[in-house]
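Q: The structure that follows is given in the form of structure tokens.
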């Protein structure tokens, strides 16, 4: 990523303070060309991401959190922001960092666009940000198809500040307000509850309440639960934002301390992830029932995901599923606790596809199946979780490949053919190590290599006229040479330069095609292995019946 000239930095953040960070970024890029950083012209805003950040996004880029904790209360000395998500253990995972020295709509848009370019991947399906107009507009410009959510705990925090007099005068207001926002099950129920609170406490003309009501589609649970946000819960929990740097970067952190704290946070979370990986692989959670479905979930999910599943599964013992309509292959159930039918949920079940949908939408929101669908599965004697309800991102095999760093080549391999060679060699070494673990894996690896060799050979010998990404035809080598000779008759040296440039472009494209094909094959292998493991699990469960 090209570095743009640094302009005069704003406010109290001096060049000397930022220079400490820039020197670190330059050194990291020299050590690893896959480390990217960029500086916004005229503003001095800085962005950076290492290869692990970009690899994390390929695994867990199904939702994004833009953490701007530094903006709360203007107490922070360092305007440090982070792009984060959730890994398969529910832990925060880093996608990139930024220093935001100048806040404007265009600066946030630049930052989002730069981050997206660095990820070399599609935009996230959903994003969580603090409630702020500048950020909201920038998100709509860059992530036009991404579902925007405002941090609910942040809104609660600001509501408590702006309505402190109400909280003090009316002790019941807080619980009523939270229940209205988090516990209502339909839009109509929310509207009725909100209207009741506003009228009862004479707050019809309160500007703050009116503003957050107008934005209800972006933060009230009943309106956002149909979208995946990567949290192992139907609410946002106690954290303000998914802060990867909580406990490491705070109001006392100076620019000189930032890099040290940044690296401490990365090391800490890496260690926590490794411990969670080890626990998931080498220990078995305690079963609470003799159900084969619970055992299946324990063998596939990470510990954090399994605990959430187990909570839902155990609750099925107290919520019967009652049929309210049945058309043969499609059955509708009402699922509720004994004596609480008015708080129940509706589940539609397709017996042909073994597919169910619940009005609580917990699976859509968190990726873990809800107790209501599990109760229907129990009633229909479904003993194994269908594969559609086992999101790979919550399983022990969420990371398709074991590599932690993987350079991206957004412009093919023109920047460095040596980097291409070294990257492929590193990947091949890791592939060999995995493929030599057993005879069975070796055979699979050899078959994949044979297939890869065929695809690479086909790509290398592709016919002239290959399409470019912008839809223009890529001319044949002869045509390019003719054009070079015709359009540049001014000298042999210039013609040679153009020929070498063209050859470099072709080599870069072949390198990129080879890399893409190899990655595709490896992903296919991992997906087939995952699906096979599900089939084996289901087969074992069938034998036990």
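Glycine too: its Cβ is placed from the backbone N, Cα and C atoms.
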Q: Please find, within the list 438-491, 492-545, the residue stretch that Swiss-Prot describes as coiled coil.
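A: Swiss-Prot lists coiled coil for residues 492-545.
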Q: Among 308-344, 345-381, where does Swiss-Prot put the label zinc finger?
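A: Range annotated as zinc finger by Swiss-Prot: 345-381.
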Q: Give me the mean pLDDT over the domain 'FAR1' (22-65), rounded to a whole number.
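A: Looking only at the domain 'FAR1' (22-65), pLDDT averages out to 92.
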Q: Looking only at the domain 'FAR1' (22-65), what are its DSSP counts of helix, strand and coil residues?
A: 20 helix, 10 strand, 14 coil
Q: Across the domain 'MULE' (66-150), what are the DSSP residue counts per state (helix, strand, coil)?
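A: Summed over the domain 'MULE' (66-150), the classes give 31 helix, 25 strand, 29 coil.
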